[in-house]
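Straight from Swiss-Prot, the features:
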SIGNAL    1-27  signal peptide
CARBOHYD  60  N-linked glycosylation site
DISULFID  109-117  disulfide bond
ACT_SITE  111  active site, nucleophile
DISULFID  165-176  disulfide bond
CARBOHYD  190  N-linked glycosylation site
CARBOHYD  206  N-linked glycosylation site
ACT_SITE  228  active site
CARBOHYD  245  N-linked glycosylation site
DISULFID  276-296  disulfide bond
ACT_SITE  283  active site
CARBOHYD  289  N-linked glycosylation site
């Protein structure tokens with residue numbers, strides 16, 4: 001009997017200790033948060049995927065395991081190709097990524113790339129974009145002398161660039177696709193083959209479908225600032241723009257908003273527009289500024 005008791009004692013003690021096992025064993029590492037949605041990054045004028053190495057590091061650090069794709073299309077001078085041509089190329093690249101992400105994706109689109117992405121959201125019937133983050137993008141157009149323009153059109157100034165941009169030849173350059181001269185609005189409306197269409201400023205047979213598609217987006221995050229130095233006016237990053245007197249009218253004063261021509265008013269009404277202005281950031285440093293990332297980008301990468 002004593003021998004039998006000694007044989008059973010370990011089993012009895014094991015039963016008594018079972019409730020306390022979680023306290024006795026070392027704690028298991030906390031599991032990672034559920035998988036993050038894939039992130040697609042679209043670069044700007046004269047850019048390439050290499051420019052976004054810091055942004056890639058920030059995302060990997062704060063949201064480990066996130067699949068980030070920086071699309072390597074229309075790099076360098078190829079970014080001057082007509083924007084509709086670029087939209088088609090980027091569309092072919094993003095469709096397979098979206099198809100593999102039934103929970104949705106996020107878009108981070110920088111400068112000219114923000115216009116490419118807005119057009120993508122307009123023409124894609126089945127896109128599944130949750131956050132569209134427009135990073136210092138001339139969403140209402142550009143009207144300013146920049147080094148890019150001086151290099152491309154050395155004999156022109158912003159006051160007479162409309163003569164080139166609002167011609168069939170000029171519309172073959174991406175910059176002219178969103179050149180918005182407030183002193184020649186009639187020419188802009190008639191000649192713009194890109195911005196006037198995605199803004200719904202000129203009638204076209206796809207306007208209703210494009211608006212419906214754009215409104216599929218979960219959230220529109222607008223980022224820009226007064227020290228950008230390239231986007232002119234800088235409020236274009238927030239859908240503000242000049243009137244004929246070069247007074248800036250904010251988004252809520254713009255005809256495209258008041259008419260809700262492509263969905264801005266609807267998005268704002270449902271609380272789906274986030275505006276994140278930040279001073280002290282120059283145009284070429286938006287995607288490498290950690291403070292900006294933490295405040296304006298990271299919160300929307302679910």
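Glycine is no exception: its Cβ is also placed from the backbone N, Cα and C atoms.
Bear in mind that the values here come from a model prediction, so they are computed numbers and not experimental data.
Recorded features from Swiss-Prot, shown on the structure.
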{"residue": "60", "record": "N-linked glycosylation site", "DSSP (3 states)": "helix"}
{"residue": "109", "record": "disulfide bond", "DSSP (3 states)": "strand"}
{"residue": "117", "record": "disulfide bond", "DSSP (3 states)": "helix"}
{"residue": "176", "record": "disulfide bond", "DSSP (3 states)": "helix"}
{"residue": "190", "record": "N-linked glycosylation site", "DSSP (3 states)": "helix"}
{"residue": "228", "record": "active site", "DSSP (3 states)": "coil"}
{"residue": "283", "record": "active site", "DSSP (3 states)": "helix"}
{"residue": "289", "record": "N-linked glycosylation site", "DSSP (3 states)": "coil"}
{"residue": "296", "record": "disulfide bond", "DSSP (3 states)": "helix"}
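Put simply, of the recorded positions 228, 245, 283, 289, the one whose Cα is nearest the Cα of the residue listed as 'active site, nucleophile' is 283. In this structure, of the recorded positions 111, 245, the smallest number of CB atoms within 10 A of the CB marks 245. Within 10 Å of its Cβ, the residue among the disulfide-bonded residues 176, 296 with the fewest other Cβ atoms is 296.
Residue 190 (N-linked glycosylation site) and residue 117 (disulfide bond) are 23 Å apart (CA-CA, integer value). Shown in sequence order, 111, 136, 228, 229, 230, 231 are the residues of the chain, 6+ apart in sequence, with a C-beta less than 8 angstroms from the C-beta of residue 283 (active site). Around residue 165 (disulfide bond), the same-chain residues six or more apart in sequence whose CB sits under 8 Å from its CB are 171, 173, 175, 176, 179, 181, 191, listed in sequence order. The separation of residue 289 (N-linked glycosylation site) from residue 296 (disulfide bond), Cα to Cα, is 11 Å. Neighbour list (residue 206 (N-linked glycosylation site), Cβ cut-off 8 Å, at least 6 residues apart, same chain): 123. Here the glycosylation sites are 60, 289, and the one ringed by the most other CB atoms within 10 angstroms is 289. A Cα-Cα distance of 30 Å separates residue 109 (disulfide bond) from residue 245 (N-linked glycosylation site). Using Cα positions, the member of the glycosylation sites 60, 190, 245, 289 nearest to residue 276 (disulfide bond) is identified as 289. Rounded to a whole value, the Cα-Cα separation of residue 289 (N-linked glycosylation site) and residue 190 (N-linked glycosylation site) is 39 Å. DSSP assigns residue 206 (N-linked glycosylation site) to coil in the three-state reduction, placing it in neither a helix nor a strand. Take the disulfide-bonded residues 109, 117, 276: by the count of other Cβ atoms within 10 Å of each Cβ, the lowest one is 276.
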